[in-house]
Structure formats: structure tokens, C-alpha cells
Amino acid sequence: MDQLAHHYRAHIAELNRRVAEILSREALSGLVIHSGQPHRMFLDDINYPFKANPHFKAWLPVLDNPNCWLVVNGRDKPQLIFYRPVDFWHKVSDVPDMFWTEYFDIKLLTKADKVAEFLPTDIANWAYLGEHLDVAEVLGFTSRNPDAVMSYLHYHRTTKTEYELECMRRANQIAVQGHLAAKNAFYNGASEFEIQQHYLSAVGQSENEVPYGNIIALNQNAAILHYTALEHQSPAKRLSFLIDAGASYFGYASDITRTYAFEKNRFDELITAMNKAQLELIDMMRPGVRYPDLHLATHAKVAQMLLDFDLATGDVQGLIDQGITSAFFPHGLGHMLGLQVHDVGGFSHDERGTHIAAPEAHPFLRCTRILAPNQVLTMEPGLYIIDTLLNELKQDSRGQQINWQTVDELRPFGGIRIEDNVIVHQDRNENMTRELGLTD
């Protein structure tokens, strides 16, 4: 924790600098950042799992306590209004006592509806950042999630501080242990549901604590991009395993994917080819490179794999131009990663939030930025046998370029995705996932 404490001072200084800058531009007195409120299920007395506002947890690792507030102006010591009710029904959060508390003036709030007593008196000139606009209106905020402030903060969130990078390394380190446990469970005959339990136990986090719903897909289920069903029974024949799963550390996410074949076969060879391509793409990352160019390079590699593995005929550029590669690789190469799995700022050209759209032929690409130092991105090329997409090729002449016999052979395996989390440095790339132990 000493290293985090060392980096945290500079982290808070940078956040204060950003706040002071945007407040000066927008002639605002400060920001009031709301952690959020519980959401109750319809016609029930149970709340949905609480997820803190990412703008709130950017400042401090208070992740599970609703009704907290931050009052910041970039000059004075930030004020944390920490919710600690008198409650004999539920576990009440302890008063914070960690390395970060010295950087905040902490006030305890015992009743959520009394927060106005702790807020600035000239509230009309402060901006509210949060989800609950109705609460903000009642409290008197006239500026609620102003576009200029949000665009500025989102643009700069893509540049991680050293504190944030260390948190993300630790999130990767934790997730790697889960992936190794899940891989072992797969080869020992576990079902999807059982593999999930092995993963969660290894990372020491519940389903509500990991940053997103894990994808644990055996066999043809791997062709479903966001598969989260978790079958309880093991398949009669074990062919393949795709796992897309991360972990959290102090509010920062990791997002890692691996694919395994149960036996040595053509699908296993395809995994090896995809792994090689993914590492080559990561080697292409450097400051000044356009992320969409990396995505297009991925399609060239996928096209070559289609040719090499007798899935399609033709030439590389023709397979791309006709949209054939998009039927096998329909999603984007990756995205920004940080406080959110699909972190903000991936389309921001500048501090004003000028939007750079994804290429028309690749609408699912989640990042169009030019790479810069201290950005963290996922790199996750894939190749899948998705019948709904491949059937579209059958409707025209493109279907004649597909070797449907090979498609039929690979269909039971579902698909492949390999995903690492990479820090772009000025002079190198840091592949956190591989360097922390998930080498295959």
C-alpha cells in the first residue's frame, strides 16, 4: 500500500488541477459529486446492487456506500460527506481510515435527506455531477452534469495517473489468478457454472464486485459475444472454452479474455494464430498511432487467417472490402479501460468533446482516439462462427467465397477472442496481463 500512498498525493493534485481549470473556464464555484443512491426493485423492498458514480470513485476508493458526496473546487481541501446512518438492519460502513483520508475533510452524514446542511450555501453556482438529477434539482443545483465539464473530465480521464496505473496493474494481477483457476477447472471437467465459482473464489470477489458479468462459455456458446447464461451441466463433449472476465481494485477494472481448445486440433491451431496476431497488433501500439488503424490492421490479419485456415477464398483486401471479415469479427478491436470497463473518452477529439465517429463500415469500434502516453486500452481480436452473420453472406455472391465445410467443422467450437490490457508508454508498451502471469 506504500506505493499507492506515494502515488496518491500526485493523483489528488492532478484531479484538483483539472477541476480548477474547468471551473475557471466555466465560471463555476465548484463541483459537488454524488456517489449515488440505492435503486429499489419494482414492488419490492430489495435494492439492486449499488455501483458508485465513476466521477466519485475517481477521487477515492469508496465503492459500496451510497449517499456520499464530494465537494471540490480545485483549491481547498476536498470535502467528503460520508454517509453513516444509525441502522440496526444493515451493515454500516466504518469511518474511513486509510492512506487517502488525510487528503479530505471528512464530515459524517447520518440522514441522507439532511445533506443540504453540509453543502455550500451558494449552491446555484456549483455543478452537480451524478445520476440523480431529481435530487440535484431539489437541492437547488441549476447546473447538472454540464456538457463542458463532463467533456473536459472525460477527455482527461483517458490519461491515467501513476496511482491509477498501479491500481490497474493490481486489478490485472488479481484477474490473472482467476483465469488460471478457470483454465484448470475447464481441463478438469467443470461446467460453466462451476468454472465461474472457481474464478470468483480465486479472485476473492463476488459477482457484484467484479467489474462486469463474466463470460464463461463452453463450446458453441463462445459464439455468443456477451454470453452470461452459465449452464450448470457439463457438455457431453468438451471442445472449447472462452472466458472473458476481470477484477476490480479500488474501483479500477481489468478486462481479460482467453480461449482454449480441449484437444490439439485445427481450432487449437487457429487459437495459436490469433494469439500471434494479437501480439503483433500490440507491438504496433505507440503514441501517435490512430486506434482505428489498428482495428483495420486486425481485419487484415483476420482475412489472412480465413485464407490460411480454408474458411474463405479470395484476397485479403477483397475479404475486408466485401464485409466478409466483419461477419467473422463483428466487434471492435478494443476500448479505453479504467474506472469503467468501457471507459469514457474513447471518441473524444479534444477537451470540448468533439466526437470522432467510428468508421462507417465498423460501427462497433469503441475507440477512435490517437494513442498517447498513459492511456490504457484493451486489445481483443476475435474470430467466431456466428450463424446469424454468416447467413447474410449466403444471401449474395459472397457466400460462394466461404468454405461452408470448414465453417461446419468449426461451428461447435463457437469462437476465439484473446484480450490483454495494455498501457501505452512514451517508449514502450506495458502488457499488464502478460507481464503479470497470463502468458497464454
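Positions of Cβ are set from backbone N, Cα and C atoms, glycine also.
Together with Asp255, Glu419, Swiss-Prot lists one candidate of Asp244, Asp408, Asp427 for binding Mn(2+) 2, that being Asp244. His335 is the residue from His299, His335, His349 that Swiss-Prot records in the Mn(2+) 1 site together with Asp255, Glu380, Glu419.
Summarising the environment of Glu380 (Mn(2+) 1 binding site), the number of other Cβ atoms within 10 Å of its Cβ, over all protein chains shown, is 22. Other residues of the same chain near the Mn(2+) 2 site, with their Cβ within 8 Å of the Cβ centroid of Asp244, Asp255, Glu419, are Ile215, Ala245, Gly246, Ile256, Thr257, Thr378, Glu380, Arg417. Residue environment of His335 (Mn(2+) 1 binding site) contains 20 other Cβ atoms, counted within 10 Å of its Cβ in all protein chains. Cβ neighbours within 10 Å of Asp255 (Mn(2+) 2 binding site), excluding its own Cβ and spanning all shown chains: 26. The two recorded residues Asp244 (Mn(2+) 2 binding site) and Glu380 (Mn(2+) 1 binding site) have their Cα atoms spaced 10 Å from each other.
The CA atom of Glu380 (Mn(2+) 1 binding site) is located 4 Å away from the CA atom of Glu419 (Mn(2+) 2 binding site).
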